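Enquirer: Please find one structure pasted underneath; my questions will follow.
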Amino acid sequence: SGLEVALADLQSSWNNVHHHTEEISSDRLLVRRGQAFNITLYFKNRGFQPGLDNIIFVTETGPLPDLARGTRAVFSLAGRGGPSPWIALLKTNGPISLEVSLCAPPMAAVGRYLLKIHIDSFQGSVTAYQIGEFILLFNPWCPGDAVYMDSEPQRQEYVMNDYGFIYQGNKNWICPCPWNYGQFEENIIDICLKLLDKSLNFQIDPATDCVLRGSPVYISRVVCAMINSNDDNGVLNGNWSENYLDGTNPAEWTGSVAILKQWQALGCQPVRYGQCWVFAAVMCTVMRCLGIPTRVITNFDSGHDTDGNLIIDEYYDSTGRILENKKKDTVWNFHVWNECWMARKDLPPGYGGWQVLDATPQETSNGLYCCGPASVRAIKEGEVDLNYDTPFAFSMVNADCMSWLVYGGKEQRLHRDTNSVGNFISTKSIQSDERDDITENYKYGEGSTQERQVFLKALQRLKAGRFQGPHRADPQPSVSLKFKLLDPPIMGQDINFVLLAHNMSSQFKDLRVNLSAQSLLHDGSPLPPFWQDTAFITLSAEEAKTHPCKIAYSQYSQYLSTDKLIRISALGEEMSCPEKILVDKIITLAYPGIVINVLGAAIVDQPLSIQVIFANPLLEQVANCVLTVEGSGLFKKQQRVLIGILRPQHRASITLETVPFKSGQRQIQANLRSNKFRDIKGYRNVYVGF
């Protein structure tokens, strides 16, 4: 009689452990390409007889599975299935069961698959069965996969770690912001696959989109465009207006899970609101979930050169304040993007490895708001004609800055700075909470001949060379001006600083210095000045003097942006000559953080108490206080606690109860917001035992 299947066991729990997907699920099959997984077939009437029975396996993905295009595969246990790259091998043949090992090729399309079998028995009877569904992911453990990474500590950090830090602030005060990536949390894999299906590429031509899902270059571009909502119903709406009343202030988020779940709950409508670090963090979650090694990168003093000439023009008035830029060229105080690890078969040899992907909607690429993948090595070598969007990525870390004084309808060039853009390029270290400085991956040492050669090579490739005269050095001013903070700038307290003036010549100098302070957004956009002062300083030959300055809390409190950035500037001019000296300093105001204490040992499935201590740092009462606490593997969903009013400088504490459901290294992230501040943060690492 013909062989009949009674039951199929996909061995999800065993397979998922071996495929590093057990954190996603133990009862759904999630496997990685290029690596075998086992299934067991149980028969009704008899055992499998190799000479008599031929079992043919069929796998299908996408809405129009096609054998010729690789989205359908037909392959036989007996090896008679033709030239399919999928493999089926017999493991053990029992009296009424058969264990089989199946393996997808390392370049197969990722996504949802159906598994079917046809049994062709000796009497010519053919029976077909649908065995079940599985999800196929990228495999950084497989040398044949384009995302292969040969270091296990790197794979653990860039694929498996579900928390991290995103660096913010400014180059003089780098601040780690804790983040819950949560790529293995419940339903996140389904949301990631839905995100691929909502892309414009899939909407226009679903069959071709599914064929191309084997390529990490293709997938990374699709995800990059889908994180922002400029062309499609992407995950996040960008907002740099400082008005977030109809959504969430970007500074309040502490993780990606709440954002992705909200996008799904809204019927795939964009979540309000994101800025660069939120776009990059959500992209990191999606890419790690799909199996592509990914990290989040911060670039301090990041160039946004809109016209591709590698020069960013900044305009100042006679008070020293920075003016809104007509061309929209700006230097972002910090900008955050992703690096994803992949081979680049589409580029000459040597340009694989880390690739820049920037999901913040700044410029279009082939008509869509996405940027990359641009090879980090190509950026370092000035190979700006290599795909994708390498000129824009190059300018973010390498553009020169030109300062202009605007007065009486005229523009006077102040100076050209060749090393102010692209500083302290940072990411979280592997298996530690330290910051890794990776600037040297992006450029040769500032001021080195190699660095200038690469810059000129890039300029030539961009055909921008013809717009510029030869680069001339700025004359060295005979007086130097410099700001120095007297105390760390803390929110709610006065800012005390001095202006240091030093006469480096042998002539007497009579200076008038206009001082001003204005709030900045982290994308470099200036807000109106709220403090101004004028100093008259006389300096004899080679004399140095300090001029004390103070900005009171009452002067800056109502003018601060969420970014808590203040730019102080001084424009000095000599009474007797046209020489002008511009100096500025960016200050980030710091908050005291939230303290989190874990009370007792953390053990899976055992109750755990977590104490959260927070304070109002201001000398005034704040209202509408909300504390949010989350942590993958510790809390099933984000905890929101309504605190209400906090009196001036009042400290408070609450204790939360939870039951950890995943073991290993975990992190708790917390945020306190009120009507006066949005993002007082805190975190605590927790090791959860069995």
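Counting starts with 1 at the first residue shown.
Placement of Cβ uses the backbone N, Cα and C atoms for every residue, glycine included.
Since the structure is predicted, the reported quantities are computational estimates derived from the model, not experimental observations.
The domain 'Transglutaminase-like' annotation in TrEMBL covers 268-361. The active site annotation in TrEMBL covers Cys276, His335, Asp358. As annotated by TrEMBL, Ca(2+) binding site applies to Asn398, Asp400, Glu446, Glu451.
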Enquirer: Name the residue among the recorded positions Asp358, Asp400, Glu446 whose Cβ has the smallest number of other Cβ atoms within 10 Å.
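Expert: Least crowded of the recorded positions Asp358, Asp400, Glu446, by Cβ count within 10 Å, is Glu446.
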Enquirer: Specify the nearest of the recorded positions Asp358, Asp400, Glu451 to Cys276 (active site), where nearness means the distance between Cα atoms.
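Expert: Going through Asp358, Asp400, Glu451 one by one, the Cα closest to that of Cys276 (active site) is Asp358.
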Enquirer: Roughly how many Å separate the Cα of His335 (active site) from that of Glu451 (Ca(2+) binding site), to the nearest whole number?
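Expert: With distance taken Cα to Cα, Glu451 (Ca(2+) binding site) is 22 Å from His335 (active site).
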Enquirer: Can you tell which of Cys276, His335, Asn398, Glu451 has the least company, meaning the fewest other C-beta atoms within 10 angstroms of its C-beta, among these recorded positions?
Expert: Glu451
Enquirer: Cβ within 8 Å of the Ca(2+) site's Cβ centroid: which residues qualify beyond Asn398, Asp400, Glu446, Glu451?
Expert: Thr418, Asn419, Val421, Gly422, Lys443, Arg452, Phe455
Enquirer: Please list the DSSP helix, strand and coil residue counts for the domain 'Transglutaminase-like' (268-361).
Expert: 15 helix, 41 strand, 38 coil
Enquirer: Whole-number Å distance between the CA of Asn398 (Ca(2+) binding site) and the CA of Asp358 (active site)?
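Expert: Just about 16 Å between their Cα atoms.
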Enquirer: Whole-number Å distance between the CA of Asp358 (active site) and the CA of Glu451 (Ca(2+) binding site)?
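Expert: On Cα coordinates alone, these residues lie 23 Å apart.
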